[in-house]
Ligand code: DX5
Ligand code: ZN
């Protein structure tokens, strides 16, 4: 299991200091939630913040674009240091073209699905993605409750991957904590995004340890 702490729940007034605390536990990614107030009802951060963090932390940036017309900004995020860019299926008119464009930047190209969007919508792009992000809450805010129906979606995606002999990673995002992380991993998730359970309270390093320790298989 890999972990991608979401800075959405970090203290934005002390962002680098919070990231440095998480960095001690060597998470595989740093999840950066980009929201535009159109695709989702919230506004967060843009490429300027990534640029400011670039070179100040070793954790690779896992950029989750919750924005309309992501093609406009992909180049800028790639240049700002993204190791992975995830776009939403629901926000892309030409999803295959967008994924190829991300790949042309020499970085990982991934796609996210809102809870209500069926896996079938990804049937023809699965061979060309590095990760599929299953949203386990409706995107827009940290600290929401995990939607239990998403266990089945994760299991189905893991089954499809196996039966088609593909090797993309399954990332999950929203409402993951020490209580449910084991079930989420057991269902088939490889990369766990966690915001409030890492940066919400207490020490981010200890919180990552607790999450990893809660995975029994
Ligand atoms: C929600 C974001 C998530 C969020 C997760 O739209 O995509 O990455 O930060 O936060 P928690 O882990 O608190 O649900
Ligand atoms: Zn996210």
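FYI, residue positions are counted from 1 along the chain as it appears here.
Any Cβ shown, glycine's included, is placed from N, Cα and C.
TrEMBL: automatically predicted annotations, no manual curation.
Remember, predicted model here, so these are calculated numbers, not experimental data.
64 is the only one of 64, 88 that TrEMBL places in the divalent metal cation site (with 31, 33, 173). Among 6, 17, only 6 appears in TrEMBL as part of the substrate site alongside 64, 140, 141, 142, 143, 173, 174, 175, 195, 196. When the Cα atoms are compared, residue 64 (divalent metal cation binding site) and residue 6 (substrate binding site) turn out to be 10 Å apart. Looking at 6, 196, the binding-site residues in this record, the fewest other C-beta atoms within 10 angstroms of the C-beta turn up around 196. Surrounding the centroid of the Cβ atoms of 31, 33, 64, 173, where the record places divalent metal cation, the chain contributes additional residues within 8 Å, namely 4, 6, 8, 32, 62, 66, 86, 133, 193, 195. Looking at 140, 175, the binding-site residues in this record, the fewest other C-beta atoms within 10 angstroms of the C-beta turn up around 140. Within 8 A of the CB centroid of the substrate site residues 6, 64, 140, 141, 142, 143, 173, 174, 175, 195, 196, the other residues of that chain are 8, 9, 33, 137, 139, 144, 193.
In sequence order, 6, 8, 9, 33, 195, 196, 200 constitute the residues six or more apart from residue 142 (substrate binding site) in its chain with CB-CB distances below 8 Å.
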